[in-house]
Amino acid sequence: MSCMKEQLIINILKDEHAPAQNKITVVGVGAVGMACAMSILMKDLADELALVDVIEDKLKGEMMDLQHGSLFLRTPKIVSGKDYSVTANSKLVIVTAGARQQEGESRLNLVQRNVNIFKFIIPNVVKYSPDATLLVVSNPVDVLTYVAWKISGFPKHRVIGSGCNLDSARFRYLMGEKLGVHAQSCHGWVVGEHGDSSVPVWSGVNVAGVSLQTLNPELGTDADKENWKEVHKQVVESAYEVIKLKGYTSWAIGLSVADLAETIMKNLRRVHPVSTKVKGLYGVHEDVFLSVPCVLGNQGITDVVKMTLKPEEEDRLRKSSDTLWGIQKELHF
């Protein structure tokens, strides 16, 4: 007597369980990791999504919760495991795991705690997905992207930090609020360190190609009567404010990471301000990672756009570089 499945379905081709072609792994199922996972699922970017964490109950619960929504998604396979074998053959590995930033704590204070976590994560990622692109989200992201690059042995174009993609998004949102224009039509770049010492490039701020600095030569300076400098100040303070109000940030960074994942997985060659090794650029002489406009595709970072920065902007970038290098050279890994 055949079973019901055999009565219902006639098998034509034996399923050989071919490996996923567009697999994405998210390491860490905290608030940020799950916001990344959900945003990626809503964009239909992967044919397999793998979740990894050290807390097995939460990990299984998050996986099951997503699986139960499969009817509403277009990602056929969602898996999880504490063992990194579940991540095998990933095209993109997104690292969100790490100690959470506390209220009032600077991103740089998190460093050594998260370095120790990376010493376990990165070798396991490399073991099972030696050809993957690494996208680091954990804070302080610029230092930890450097750490991931050093530990992984990957070429620099395949180790990317989410960097100022979110800072620039916040900047464009706040700019739009001030002008009454949607953020997508407001153009401006925040570069350098993700966070406290990020650098707004005021000369590039425009709407429909109209430079705001042409209309207001004092834009972003202390002499600016419209106080546009406050917009960047809000960008810097916004994460701290959200953490104070709800305990952590999640949705905006999740959407930002999915935006980067889309460009990489679809080989779109869009330009994003992401953290990459900037040695040799803008007078930087050390192995530091900072955000500059990068062309992204399925090989990672293929090109860097050479921005025309003012002397004071370059000086701020170099100061960020010096600060980060001062921290990096003291790290133990």
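Each Cβ is built from the backbone N, Cα and C atoms, and glycine gets one as well.
Summarising the annotation, Swiss-Prot assigns active site, proton acceptor to H194.
Take the CB of K58 (NAD(+) binding site) and look out to 10 A: across all protein chains shown you find 15 other CB atoms. The NAD(+) binding site annotation in Swiss-Prot covers 30-58, R100, N139, and the record cites similarity to another entry as its basis.
Taken from Swiss-Prot, the feature substrate binding site covers R107, N139, R170, T249. Classification of T249 (substrate binding site) by DSSP places it in coil, neither helical nor stranded.
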Worksheet item: Between N139, T249, which of the binding-site residues has the fewest other CB atoms within 10 angstroms in the structure shown?
Response: T249
Worksheet item: Just the number: how many Å between the Cα atoms of A46 (NAD(+) binding site) and T249 (substrate binding site)?
Response: 24
Worksheet item: If you measure V54 (NAD(+) binding site) to N139 (substrate binding site) at Cα, how many Å is it?
Response: 18
Item to complete: Can you see whether DSSP assigns N139 (substrate binding site) to helix, strand or coil?
Response: coil
